[in-house]
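*Asks:* A single structure is presented below for examination.
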Amino acid sequence: MRFDVVTIFPEYLSVLDVSLLGRARREGLVDVHVHDLRDFTVDRHRTVDDTPYGGGAGMVMKPEPWALALEHVAAQGPAAPAPADPASAEPGDRPVLLVPTPSGERFTQRFARELAGREHVAIACGRYEGIDERVFGWAEELFEVRLVSLGDYVLNGGEVAALAMIEAVGRLVPGVVGNPASLVEESHEDGLLEYPVYTKPADWRGRAVPPVLLSGDHGKVAAWRRTQQEERTRERRPDLWAAFDSED
C-alpha cells in the first residue's frame, strides 16, 4: 500500500520511521512518500500562500503549487489512470486524496478499514486558513477526493491528522500488526469501545483482577467482556451507543 503526503513541513512526518509503521516501511508492507509543497512552486521565494479574496484574517494556500504537486503524486501511484469522465469512475479506479480539515466528514475506524483496501492514498496537508477551494473540484479529475476531520477541534495544519490516519490505516494492512486477532477485539471494530484489560499481578495495591478473568471459563470471560463493552460505551460514548442500539 502506498501513501503520498504533501506538506510544507516534510520533517513533521519523520516519526513514521519508528515503531510498527517504521518496520512495515522497511519490510515493504507500507510505502510512504513525503513531498515538500514548496518544491512545486515556480517563483524564487517558493510562495505557497496569498491573501484571501473577500478579506479576512490569515492566508490561503495557492492553487498552482497544489495542482503541480498532486499531478506529480497521481503519476507516481500504482492505481489505474483516471477515466476521461471522472463522474463515471467506479470506486477504486482512482487513488484517494484525503484532505484533513475541521469541516470534513468524521474519520472513523470504518473509514480506516475502507482505505486499507485501497492501493494508493494521498494526503494534502493544508496550513493557514486552508487550501483554495477550487483545488478540490479540480483534483476530482485525478483522485477520489475526501475531506476528513479527526474531531470537532482545530489543529494548526494537516500533518497531525495525516500521521493519525496513516497509522490507523497502515496497521490494518496484513502483516503490519503481529497478531491479527488483536485488530478484531479493539474499540470501534464492532461499534463498541474495547473492554478493560489486566495483566499480572492478580492483586496490585489492594486492587484485584475481576475473578471471572481468572476462572478459565472462556464462555464466562467472553460474556463479561461483552457486558463491559456495552457498559463502557453507554457511559463514555452515548453517541456510539445510540447508533449501536438502533442496529441491534
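Each Cβ is built from the backbone N, Cα and C atoms, and glycine gets one as well.
As annotated in Swiss-Prot:
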type     : residues                                               : note
BINDING  : Gly126, Leu150, Gly151, Asp152, Tyr153, Val154, Leu155 : S-adenosyl-L-methionine binding site
REGION   : 224-248                                                : region 'Disordered'
COMPBIAS : 227-239                                                : compositional bias 'Basic and acidic residues'
*Asks:* Near Tyr153 (S-adenosyl-L-methionine binding site), how many other Cβ atoms are within 10 Å of its Cβ?
*Replies:* 7
*Asks:* Is it possible to get the count of other C-beta atoms within 10 angstroms of the C-beta of Gly126 (S-adenosyl-L-methionine binding site)?
*Replies:* 23
*Asks:* By a simple count of other Cβ atoms within 10 Å, which of Leu150, Val154, Leu155, the binding-site residues in the record, is least packed?
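*Replies:* Counting other Cβ atoms within 10 Å of each of the binding-site residues Leu150, Val154, Leu155, the minimum falls on Val154.
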*Asks:* Looking only at Gly151, Asp152, which of these binding-site residues has the biggest number of Cβ atoms within 10 Å around its Cβ?
*Replies:* Gly151
*Asks:* Please spell out the DSSP helix, strand and coil residue counts for the region 'Disordered' (224-248).
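*Replies:* Helix (H, G, I), strand (E, B), coil: 23 helix, 0 strand, 2 coil.
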